[in-house]
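S.K.: Quick one: structure below, then a few questions.
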């Protein structure tokens, strides 16, 4: 009998479950990458919306190449304007505030919508919910670009478009994190999700390249093409997304549950406050750290989570999710970490244009190096946290290194292109590492916490709370950058360093708890077992 071809032997070397998990990994990766692909164009197009004036009376800006002008836009607009300072209404002296208003509109709507999205998402099929969000996001992204072709110069049009786009994009994150966590266990969650979370950087890079291709010739296409891509991926989501392993009879990675106690017609699963004196034996180190808030005294009874059994497992309440140990601390940490990350996301190309005197296209391409660094930072954070089993300490270390790195970046980036490239890579790794770890592995850990007794319905709400709080910072960062940047870019970097310090401050209690308790990190890690 002839040997099977090498390719076939490779295929059959993996089980059916492994192939399904690989498929879901890649599909959710591409789905969320397309979301970020559609967010990036606004930062690339900023340099085109406001440019160097070609007439003497217009406001001047050092942020753009004089050769780039709106001659590529509708010619009848140029005939009605004496200056060529960009696209009205962003051609005024207060353009930083107007551009900041676009960022704030999107991110504020995203932050508010995220709190609602997790609650709604738990009560709807993930596939339908995510498909709707992607189709709607594609439509609103493209609508922004149509303002170019229809010669729209109303600030209200662009702000309202950003608001609705921010709202519908909140469907993405809770959905993909919940779906991925349904398929993957906790053992190497930091590494798996660190690699998976590179979709953020990949989406930013692709969005920068796509938007940069048309930014100087027809900036409307910088939005319409990404919008079409997101909508197309929404159709792919509807056709192929599998929400849970049980839907295709694969083995589940959710934790096993002890037998529920009966109470009349209702069954409830109770989390008990066990002690060392109980006949069942001592606590494992993780549960001990979870139940002992100060190492001696047990937690208040309000921290005990009472959940319905499998047959009638209800979605967790908002306040119930907040009572999970670590949710509040990581949420507030992410608020400041995401403030820094999104300030770079929305303002980095304009900063590079200012410092290195590049046009919008070249600045957009160079800004992708920050996202390249973010890919390595997210993976590194996941690997370290898996090895040490200390999520908070890993985030704290990277935040501690990020603040001085940002100060160095603000100083040496003016020394030339080579220095800018080096600092973009390093800053991207240190800024994106904690952000990536909290929004993926930490959110999944907390959403499948032991105190929940296996309630998988909590995962979407916990993820939405953490990312929603982070999105408040994401809304504030670009807004503050727009308000502060007229006084000098150095002040923007001081603001970012202060935010990093605040993020680290909120993790101090959890870091202390991790270092003083044996075993996994701060009680948030609980190995998942097969059913």
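Cβ atoms here come from the backbone N, Cα and C positions, even for glycine.
Residues or ranges marked as transmembrane segment in TrEMBL: 19-37, 98-116, 128-150, 162-184, 196-215, 221-242, 327-348, 368-385, 392-409, 421-446, 458-480, 492-511. Feature annotation from TrEMBL assigns domain 'Major facilitator superfamily (MFS) profile' to 27-515. Summarising the annotation, TrEMBL assigns region 'Disordered' to 53-72.
I would like each feature placed in context: is it buried or exposed, what are its neighbours, and how far apart are things?
M.R.: Below 8 angstroms of C-beta separation, residues 130, 134, 137, 169, 172-173, 176, 179-180, 183-184, 192, 196, 198-200, 202-204, 206-207, 210, 226, 229-230, 233, 236-237, 240-242, 245, 248, 250 of the same chain, each at least six residues beyond the ends of the transmembrane segment (19-37), sit close to that stretch.
Under 8 Å from some Cβ of the transmembrane segment (128-150) lie the Cβ atoms of residues 31, 34-35, 38, 41-42, 73-74, 87, 120-121, 157-158, 161-162, 164-165, 168-172, 175-176, 218-224, 226-235, 237-238, 241, all in the same chain and six or more residues away from its ends.
Beyond the transmembrane segment (162-184), the same-chain residues lying 6 or more positions past its ends with a Cβ under 8 Å from any Cβ of the stretch are 20-21, 24-25, 28, 31-32, 35, 38-39, 42, 102-103, 105-110, 112-114, 116-118, 121, 126, 129-130, 132-134, 136-137, 140-141, 144, 192-193, 196, 241, 243-245, 252-254, 439-440, 443-444, 447-448, 456, 459-461, 463-464, 467-468.
Proximity of distant same-chain residues to the transmembrane segment (196-215), defined by a Cβ-Cβ separation under 8 Å and at least 6 residues beyond the stretch ends, is recorded for 25, 28-30, 32-41, 43-45, 47-48, 180, 221-223, 225-226, 229, 345, 349, 360-361, 364-365, 367-368, 371-372, 374-375, 378-379, 382, 428, 432, 436, 439-440.
If you look at the transmembrane segment (327-348), the same-chain residues 6 or more away from its ends with a CB under 8 A from one of its CBs are 39-40, 42-43, 46, 103, 107, 204, 321, 367, 370, 392, 395, 399, 402, 406, 427-428, 431-432, 434-435, 438-439, 442-443, 446, 462, 465-467, 469-478, 480-482, 485, 492, 496, 499-500, 502-504, 506-507, 509-510.
If you look at the transmembrane segment (392-409), the same-chain residues 6 or more away from its ends with a CB under 8 A from one of its CBs are 326, 329-330, 333, 337, 340, 377, 381, 384-385, 423-424, 426-427, 430-431, 433-434, 437-438, 442, 493, 496-497, 500-501, 503-504, 507-508, 510-511, 513-515, 521-522.
Panel annotation: around the transmembrane segment (492-511), residues 326, 329-330, 332-337, 339-340, 343, 347, 351, 390, 392-393, 395-396, 399-400, 402-403, 406-407, 409-410, 434, 473, 477, 480-481, 484-485, 521-522 of the same chain, lying at least six beyond its termini, place a Cβ under 8 Å from a Cβ of the stretch.
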S.K.: Counting Cβ pairs under 8 Å that are 6 or more apart in sequence, does the total for the transmembrane segment (98-116) and the transmembrane segment (458-480) reach three or more?
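M.R.: Contact between the transmembrane segment (98-116) and the transmembrane segment (458-480): present.
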S.K.: Same chain, outside the transmembrane segment (421-446) by at least 6, Cβ under 8 Å from its Cβ: which residues?
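M.R.: Residues 173, 177, 180-181, 186, 189-190, 193-194, 196-197, 200-201, 324, 326-327, 330, 333-334, 337-338, 340-341, 344, 366-367, 369-378, 380-382, 385, 391, 394-395, 398-399, 401-402, 405-406, 408-409, 412-413, 459, 462-463, 466-467, 470, 503, 524-526.
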S.K.: Pop the mean pLDDT for the domain 'Major facilitator superfamily (MFS) profile' (27-515) in here, whole number is fine.
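M.R.: Here the predicted model's pLDDT, averaged over the domain 'Major facilitator superfamily (MFS) profile' (27-515), is 78.
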S.K.: Can you name the far-off residues of the same chain, 6+ from the ends of the transmembrane segment (458-480), with a Cβ under 8 Å from a Cβ of it?
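M.R.: Same-chain residues near the transmembrane segment (458-480) but 6 or more away: 100-101, 103-104, 107-108, 110-112, 114-119, 121-122, 170, 173-175, 177-178, 181, 315-316, 318, 320-322, 324, 327, 330-332, 334-343, 345-347, 435, 438-439, 442-444, 446-449, 452, 492, 495-496, 499.
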S.K.: What else in the chain is close to the transmembrane segment (368-385), if you only count residues 6 or more beyond its ends and a Cβ gap under 8 Å?
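M.R.: For the transmembrane segment (368-385), the nonlocal Cβ contacts are 189-195, 197-198, 200-202, 204-205, 208-209, 344, 348, 391, 394-395, 398, 421, 424-434, 436-437, 440-441, 521.
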